[in-house]
Every structure is written in C-alpha cells, then in structure tokens.
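Read through the structure below, which is laid out as structure tokens, and then see the notes.
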Amino acid sequence: MDGENITQPRASTRSRIPQVGGLREMNPATANSRSGIMPPGTLVNKALSPTRSRAITSPSPEPRKQPSSVRPPSTTSKAHARGNSFASSTMSRSGSTATRGTTLNFSATVGYGARGASAMPRPATSFGGRRLNNSIQRPATSLDTHVDDSAGSVLGKRKDTDWDQDSREKKMDDMMAQVMLRLNQQGHEASGLKDTVEIYKSRIGELERSRDGLTDVNVNLRVEMESLKNQLVLAEKALNDARRDQDIAMDDLEGRHRIEIESLSQENKKHQNTLVARHQEEIRDLKRKFEGEIEDEKAKRVRDLGNLTTQSAMDVQRSQIELNNKEREIATLRSELDAMKADIDRERKTVHDLRQNLDTASSNGVTLESTIRALKARIEFLEGGREEQSQAFERCNQDMMDALAETDAIKEKLRREETLRRKLHNQVQELKGNIRVFCRVRPSLNSEPATMIAPMQYPDEFEDAKEISVMGPEEKSSLGTITRKSNTFSFDRVFGPSTQNAEVFDEISQLVQSALDGYNVCIFCYGQTGSGKTHTMSSQDGMIPRAVHQIYETAQGLEEKGWRYRMEGNFVEVYNENLNDLLGNPDELDKKKHEIRHDMQRGKTIITDITTVQLDSPEMVESILRSADANRSVAATKANERSSRSHSVFILKLTGENHITGERSEGTLNLVDLAGSERLSHSGATGERLKETQNINRSLSSLGDVIAALGQGKDGGHIPYRNSKLTYLLQFSLGGNSKTLMFVMASPLKAHLSETLTSLKFATKVHNTHIGTAKLKRVSAILEHDDTSPVLHIVRLSFVGRSEVFYDPVLYLRCSGWINDFLLS
Ligand SMILES: Nc1ncnc2c1ncn2[C@@H]1O[C@H](COP(=O)(O)OP(=O)(O)OP(=O)(O)O)[C@@H](O)[C@H]1O
C-alpha cells in the first residue's frame with residue numbers, strides 16, 4: 001500500500017510535468033535517448049547488482065510491503081545510476097582504448113586534467129550541479145513526510161490528529177512549485193549539458209579527425225621511415241661498397257705508389273750514380289788539371305834547377321878561370337918578385353961595388369965627393385923604392401894565400417865531381433867489353449843428397465866474387481893413377497848456391513836502367529837443362545818481373561823530370577828454328593808463321609803477326625808470364641819439356657819522351673831463357689828429340705859465333721846473325737850500342753859436371769870477348785862544344801842509325817872526361 005502511495009504522488013507529479021514544460025526532458029530515459037545513452041533500466045540493470053535492479057525496475061510485492069526501509073537506497077541508487085550512466089555513455093563514445101576503462105581515464109584524456117588552461121571549461125552539469133548542491137535542502141517529499149512522520153508513526157498521527165487537506169495541498173503546491181523550479185533549473189542545466197555534449201562531440205570529432213590525420217601522418221611517417229630504412233640499408237650497402245671500392249682503390253694506390261716510389265728511388269739511384277759519375281769525372285778532370293799544373297810547376301822547378309845548375313856550373317867555371325888568373329897572377333907576381341929580388345941583389349951588388357968604389361975612390365978625394373953625394377942620393381932613392389916593393393910583395397903574398405885557399409876549396413869540389421865522374425867512368429869501363437858474363441850455381445834440391453853434389457869452390461867469395469873452381473871428373477892416367485883437375489874460371493861475377501834472385505838482380509839493375517836510357521840490352525840465361533835458368537829468369541821473383549818493376553818505378557821517378565814512357569811487351573819462343581807467339585792463340589803454336597824484319601835505318605826489329613801487349617802495370621807482366629807458360633804447356637807433350645827444348649825471349653820495348661826538353665829515347669830489354677845446352681852425345685836423343693837438340697845446338701853455337709865475330713871488332717866485318725832465328729831476332733841487341741849480359745847457369749850435381757864444365761868454358765870464351773870497337777865507334781862523334789857560349793855545352797851521343805843531343809853543362813862536365821877517354825882509347 002505504501003508503495004502505491006508513494007508511486008501515486010509521483011505519478012501525479014509526472015502528470016503535472018508537461019504543464020510546467022521542459023520537465024519531460026528530465027525523464028532519464030528521454031535524456032538518455034537524446035544523448036544516445038541506453039535507458040537507465042537496461043544500463044543500470046546491467047551495471048548494478050540484480051538485487052538492486054530488481055528493487056528499482058521490477059516492483060515486487062515485498063518492497064512495497066516495506067517502503068520505509070527500501071526507498072532511501074532506491075533514491076541513492078538512482079543518483080548513482082545517473083552518474084554511472086553518464087560515465088558509461090562518455091566511456092562508450094570514446095574511440096580510444098585508453099579512455100574505455102574508467103571515468104578517471106576519460107578525464108585524463110579529454111577532461112580537465114588532460115587539458116591545459118586553454119581547454120574549454122566544462123559547463124556545469126546536472127551531475128556536477130547535483131554534487132555541488134548537495135547542501136541544498138531537498139524539498140520535502142512524500143517520502144520525507146513519511147520519514148518525518150515516522151518519528152512519531154504516521155499511523156499513529158492519523159489516529160491522533162485530523163487530516164488537514166488544505167494545508168496539505170498548499171504544502172504540496174509549494175513543494176510542487178519548488179520542484180518545478182528545480183525542474184526548470186535542471187532543464188537549464190540539461191540544455192547546458194547538451195551543449196557541452198555537443199561541444200565534446202565536436203571536440204571528439206576534431207580529435208578523431210586529428211587522430212586520423214595523425215594516423216595518416218603516422219602511416220606516412222612509417223612509410224617514410226621504411227623508405228628511410230631502405231635508403232639507410234642501401235646507403236649502408238653503398239657505403240660498404242664504397243668502402244670496399246675505397247679499400248681496393250687504396251690498395252691500387254698503394255701499389256701504384258709503391259711502384260712509383262720504387263721507380264723514383266731507381267731514378268734517384270740512377271741520378272745519384274750519374275751525379276757520382278759526373279763528380280768523379282769532374283774530380284778526375286780536376287785531378288788531371290792539377291796534375292798538369294803540378295807537372296808544369298815541376299817542369300818550371302826543373303827548369304829553375306837547370307838554371308841554378310847552369311849558374312853553379314858557370315860559377316865553377318868562373319872560379320876556375322879566376323883560379324887560373326890568380327895562378328897566372330901569382331906566377332907573374334912571383335916572377336916580378338924574382339925580378340925585384342934580382343934587382344935588389346943587383347942594386348945591393350951595385351951598392352957594394354959602389355962602396356968598394358967609394359973605398360977605392362975615397363982616396364980620390366973631394367973631387368969624387370960630389371960623385372959620392374950623388375951616389376948616396378941614388379942609394380937613398382933606391383932603398384925607399386925597395387920599401388914600397390916589399391909592401392907590394394907582402395900584398396901579393398896575401399893575395400896568393402887567398403887564391404891558394406880558394407883554389408883548395410874549388411879543388412875539393414872538383415874532387416867530389418871527380419869521384420862521381422870516376423864512378424860513372426868506372427861503370428862505363430866495366431861495360432866497356434860490351435858483354436858481361438855472370439855465373440850462377442843453383443843450390444841442391446831436397447831430392448838431391450850431398451853425395452850427388454860436385455865439389456865447387458869460390459876462392460874470392462868474400463872479395464870480388466869473380467871466381468869459381470870446379471873439380472873436374474876423375475881421370476885415369478896411362479900409369480893408372482886417378483887424378484882430378486881443378487878448373488878455375490873467372491867471370492864478371494860469380495853467384496854461389498846461397499844467392500837469392502834479389503842479389504842477382506842488384507847486379508843487373510844498371511843494365512835495366514840502360515834500357516830506360518835508350519840502350520838495347522840483352523840478358524841471356526845459358527846452361528844445361530835443370531841448371532836454374534827458368535828460376536833465374538821467369539820465376540815469380542825472377543829477373544823479368546823484377547826488371548819490369550824497376551822500370552815502372554824508375555819511369556815514375558823520371559816523370560818528375562818530364563819523361564813519359566810507353567812500354568810494350570812481346571813474348572816469343574824459338575822452337576825448332578820457328579818463331580812462336582807465346583801470347584797468341586795456343587792452337588796456332590807451331591802452325592802460324594812469324595817473320596822477323598829489320599829496319600836497318602832505325603835499328604828496329606819487327607815480328608809479323610805478333611801479339612803486343614801494352615804493359616800498364618807490373619801485374620800485367622805476371623799475367624803475361626802465366627799465359628806464356630800455359631801456352632808452352634799446351635804445346636808440350638810432357639810437363640816442363642817444352643821450356644827445356646826452346647828459347648824464350650821476353651821483349652820489352654821502352655819508348656820515352658821528355659815533354660820539357662823534347663828528348664826521346666828508345667830502348668829494348670830482351671830477357672832470354674835459352675834452351676838446355678846439353679850436348680847431343682849426352683842427350684842420347686833420337687827422332688824428333690834429335691832434331692830439337694840439333695836445332696838447339698845450332699842456335700847456341702850461332703850465338704857463340706856472333707859474339708866471337710863481334711869480339712873481333714872488324715869494321716864492316718861479317719856478323720853471322722842470320723845463321724839462326726835466335727841471333728837474327730836479337731841482331732840489334734847483340735853488338736852495336738847494346739849491352740849484353742850472359743848468365744851461365746851451373747848445376748851442382750856430379751852427374752852434370754861434364755856439362756857444367758862445357759858451359760863454363762863457353763862462358764869464358766864469351767867473357768874474353770871484348771866488343772870495344774863497336775862502342776868506340778858509337779861514341780866517336782859524341783862531343784860537341786858550342787864555343788859561342790861559355791855556358792851552353794852540347795853533348796851529342798851518336799849511335800848506329802841515330803843520335804841524341806843533351807844540352808846540359810853538368811852532363812858535359814861529367815861526361816867530357818870519360819868521353820875523351822873513349823876517344824883516346
Ligand atoms: N837458385 C835457386 N834456388 C832454388 N831452387 C832453384 C834455384 N835454381 C833452380 N832451382 C830449382 O831447380 C829446378 C830446375 O830449375 P829450372 O827449371 O829453373 O832449370 P832450367 O835450367 O830452367 O831447366 P829447363 O831448361 O828444363 O827449363 C827447379 O825446381 C827450380 O825450382
């Protein structure tokens with residue numbers, strides 16, 4: 001019943017709402033439908049618990065039976081339902097996932113919290129207003145009445161008081177008026193809410209559009225990002241490619257640079273080498289220039305020296321002249337003194353005679369006094385003159401003493417010059433025979449015991465060393481007694497077995513010097529096989545290398561004096577009367593023919609097709625000797641055989657020119673290693689060897705014949721040079737202006753004694769040969785004196801076919817003596 005009562009006034013109230021106008025809109029259903037929100041019945045039912053929804057929407061008989069206890073919650077639930085429904089509607093409109101959860105989330109998205117100060121202010125809503133107007137006193141309702149009544153029990157009141165209809169209606173009208181007022185207010189609020197909703201809607205639309213726009217932008221951005229990513233990937237790929245390309249390019253560049261650097265360094269090196277070569281060339285030029293200057297300076301100095309020498313020679317001459325004058329003066333003075341002494345003696349005698357006369361005449365008296373006075377005056381006069389004469393005599397004596405002292409000094413100087421002159425003269429005297437013979441005995445070898453050695457003695461070993469005594473082989477007499485003959489031989493020099501090559505060379509070095517001075521020199525080694533010829537001549541320290549060394553050294557020394565020497569070498573072999581070139585092709589040995597031609601005018605020998613070697617250094621000689629030795633070995637059938645069976649001739653032509661004085665000299669040094677000299681009967685050779693031996697013997701005897709013919713010294717006499725190839729080859733070196741030295745080599749072995757004696761006898765014959773006439777002939781026209789000049793003397797040395805002139809006063813002084821000796825001899 002209560003329920004019905006309550007609902008009735010409400011229903012009646014509702015029925016009045018249209019009269020007020022706008023109240024319709026306060027119907028929650030209408031409001032919800034307008035706003036698109038579901039009717040509260042459905043939404044609230046869903047949102048609220050079934051118990052509550054039943055209490056509101058499905059009136060049951062039970063709640064109606066207990067109206068006072070149920071109504072307040074129903075009111076409360078309505079208010080909640082509204083609030084919830086709004087919230088729900090708002091939530092349902094939101095398209096955003098984030099705003100669907102709670103009202104708070106909505107507020108955060110579109111409400112005040114999420115909006116800045118510029119956001120549209122939220123209009124007052126019924127919901128908000130209701131909340132704000134919580135303090136407004138709610139108009140009394142039937143329910144309130146009931147509540148108020150409940151204090152004293154409604155039923156009880158009705159029982160206790162009368163029903164006041166009018167007041168009640170009035171009250172109701174007031175209440176109605178209030179409700180209407182409230183409704184109007186709510187209507188206004190609802191319209192405001194509507195506007196707000198509209199605004200929100202438009203706002204939401206805008207936001208959705210903005211979201212769509214943003215989504216589009218987002219999509220675009222994503223697409224752009226994708227494309228950018230693709231671009232990035234492409235760019236990375238391109239970058240990698242570029243890096244790879246760059247790496248390859250770098251490698252290429254590095255390679256190219258390396259090659260360029262190498263080529264540059266090579267170019268640099270080349271350039272450097274060129275520069276170095278140029279600098280060296282420049283240095284060489286400078287050196288040449290400086291050497292030229294030094295040469296000029298040297299030449300100047302030499303000239304100065306020459307002038308000084310000339311001056312000193314002049315001084316010497318002047319002194320000599322003065323000395324002669326002084327000597328003459330002294331002689332004059334002496335004669336004058338003698339004359340004066342004689343005068344004085346005469347005068348004294350006269351005085352004495354006069355005194356005697358005076359004595360004898362004193363008796364004559366006064367008549368004679370005048371005569372006496374006159375005579376006294378005469379005597380006084382004469383005695384005064386004698387005083388002066390004595391003083392003059394003293395002066396002359398002093399001058400004479402000075403002149404004698406000066407003469408002594410000059411004589412001392414002349415003595416020294418004389419010593420030098422004598423030394424030169426002595427050397428020339430030693431060479432006067434034009435051929436000298438040295439003997440050398442080789443030492444015994446290790447393979448030769450003392451029992452095999454023949455007794456040999458050297459009587460003057462520690463003096464002149466010119467003799468050798470050899471005990472001959474045992475000889476049996478007809479009586480059966482065995483004797484041994486002692487054979488003593490004398491030579492220019494004898495070298496015992498202990499002599500070294502150096503000592504031997506000392507003796508021949510003067511001859512080597514002669515070759516440099518323009519003479520032809522010939523040095524032979526003669527002896528039987530194994531006697532030491534090759535050792536003496538061509539061993540490493542033999543005469544050939546030593547001679548060449550000396551020539552180089554002397555030539556270098558002479559360079560200071562303006563001399564330049566050209567040295568040419570030939571090495572030939574005479575084998576079986578054939579000439580072989582030992583420096584040529586070994587295959588051509590004994591095959592190629594070489595001819596000997598003589599230039600009689602110039603005194604020169606030419607061998608056709610011969611190898612001539614320029615000897616630029618002493619080392620060259622060693623290589624020549626080696627190659628000659630090799631050639632001989634190739635030709636030999638047995639080792640060492642060929643050298644024993646052939647003559648070898650080392651020819652060294654020395655041409656010198658003096659660029660200062662214009663002098664020129666041409667000399668030849670022939671160093672000959674003869675074949676073994678053993679006699680045919682001793683060699684026991686046959687066949688080819690017999691032919692060899694015959695040829696050797698023929699050429700050796702030809703050599704002896706030539707020397708003997710030269711020794712006879714007949715002008716225009718025949719010299720049998722042509723009898724053998726060897727003598728023909730050495731024609732200009734045997735005789736003429738040449739100097740010849742023969743080494744006779746001796747073996748110390750008993751077994752070789754007979755051959756040794758034969759060799760020594762042959763050598764003695766040669767030694768006894770004097771080829772003096774040729775030398776006399778050579779020097780017969782050597783001296784000319786230029787009388788027009790007191791200083792300049794000319795020494796002209798004339799040889800067969802050529803002459804040399806020396807403008808040297810010192811040389812003149814030195815040479816004049818011995819040259820005159822030659823002329824006189
Ligand atoms: N003065 C010396 N000192 C030391 N050994 C020597 C001397 N002379 C010669 N000999 C040695 O004696 C040996 C024979 O000498 P070498 O060959 O010079 O004789 P050779 O007369 O030239 O003989 P061949 O006619 O056969 O050429 C060689 O072994 C050599 O070394």
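Each position is counted from 1, following the chain as shown.
Even glycines carry a Cβ here, placed using N, Cα and C.
Automatic, uncurated: that is what TrEMBL annotation is.
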Next on the checklist: For the feature coiled coil as recorded in TrEMBL, pick the matching range from 211-245, 736-770, 771-805.
Outcome noted: 211-245
Checklist entry - Taking every protein chain shown into account, which of the binding-site residues Ser531, Thr534 has the largest tally of Cβ atoms within 10 Å of its Cβ? => result Ser531
Checklist entry - Given the binding-site residues Gln528, Thr529, which one has the fewest other C-beta atoms within 10 angstroms of its C-beta? => result Thr529
Next on the checklist: For each of Gly527, Gly532, count the other CB atoms within 10 A of its CB; which of these binding-site residues has the top count?
Outcome noted: Gly527
Checklist entry - Do you know the mean pLDDT across the domain 'Kinesin motor' (434-769)? => result 84
Checklist outcome for this item: Those same-chain residues, other than Gly527, Gln528, Thr529, Gly530, Ser531, Gly532, Lys533, Thr534, found with Cβ within 8 Å of the centroid of the ATP-site Cβ atoms are Arg442, Cys525, Ser644, Gly676, Met745, Ser747
